[in-house]
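Everything on this sheet refers to the single structure shown next.
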Ligand code: ACO
């Protein structure tokens with residue numbers, strides 16, 4: 001018994017923000033951003049909250065699975081940009097979808113969040129704790145950016161993606177996940193600190209994303225191919241058996257470099273960061289949904305998913321569609 005993805009959904013905010021719009025905010029150019037990252041535009045949330053986008057993506061994933069929300073038993077939302085600390089985003093989604101029999105919690109592993117949430121839900125299903133799960137990656141990182149820092153504000157976008165998992169005989173073959181806290185400082189975002197009576201400052205310091213881009217780049221191009229290779233070897237699966245490698249959409253240069261290191265044609269690494277930027281935990285399920293709805297996935301296809309991000313964290317999943 002394993003778990004299988006039986007449906008997908010995604011949601012992006014209405015408003016696009018192009019590289020040309022960025023040029024009006026910071027000293028940058030479409031040529032620099034597109035050349036270094038592959039990003040030309042991104043969606044920015046205006047009224048949309050993280051929980052709203054999560055629920056919309058979840059609703060579409062349930063529809064695609066032909067499952068009623070009342071049948072759901074577990075909701076996990078991977079996010080590092082929830083609009084509230086409490087209640088968790090998953091409980092907001094439960095209420096919005098009327099998934100009255102589902103238990104829900106959030107999980108933060110930054111850009112690896114969806115992979116880690118998928119792994120957690122898979123473990124619940126394998127252990128027989130529940131029979132199905134809605135796994136969502138949802139982010140509004142635009143609210144956490146320093147909009148005067150051209151080296152980070154051009155990279156990210158908002159959105160949500162979701163999958164429904166169900167206990168089945170075939171589906172997910174294996175997952176791996178890793179963390180290296182010793183290198184956590186290369187990609188950070190503080191939290192608001194109100195202080196307490198024992199602390200000098202009681203001012204609020206809202207967090208903003210800060211990154212050593214080159215260190216993140218080096219980490220990703222080293223660890224992602226290594227963890228994919230180890231996973232494939234572990235399950236005795238050749239890379240020629242894989243139809244698509246669906247990677248976190250941080251940067252086209254990272255993905256091209258991973259393809260080269262794995263010696264796999266770039267065409268097997270679909271990308272959509274050109275339109276959406278880096279949507280962190282949402283990027284893998286958003287791309288999976290695009291491929292699913294575009295008729296690109298056939299039953300029986302072998303897929304590899306791989307995420308990497310702050311923590312540092314990374315991981316991969318091998319599955320049969
Ligand atoms: N527009 C124009 N110039 C810029 C911009 C910009 N938006 N941002 C930085 N620059 C300038 C810098 O100021 C610097 O100028 P200087 O040489 O005069 O000092 C120059 O460009 C080079 O800066 P670097 O930081 O060295 O640029 P680099 O080539 O490393 O590219 C980038 C930066 C795109 C972030 C790259 O490091 C990268 O791809 N890193 C991977 C990190 C990533 O994708 N993170 C996403 C989030 S993490 C995740 O999702 C896992």
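Quick reminder: no glycine exception, Cβ is built from N, Cα and C everywhere.
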*Looking at the ranges 239-243, 244-248, 249-253, which is given as region 'ACP-binding' in TrEMBL?*
249-253
*At the Cα level, what's the spacing in Å between residue 278 (active site) and residue 248 (active site), rounded?*
8
*Mean pLDDT, the domain 'Beta-ketoacyl-[acyl-carrier-protein] synthase III N-terminal' (105-181)?*
97
*If you skip the near sequence neighbours and keep only those at least six away, which residues in the chain come within under 8 angstroms of residue 111 (active site), Cβ to Cβ?*
248, 250, 278, 280, 281, 283, 307, 308, 309, 310, 313
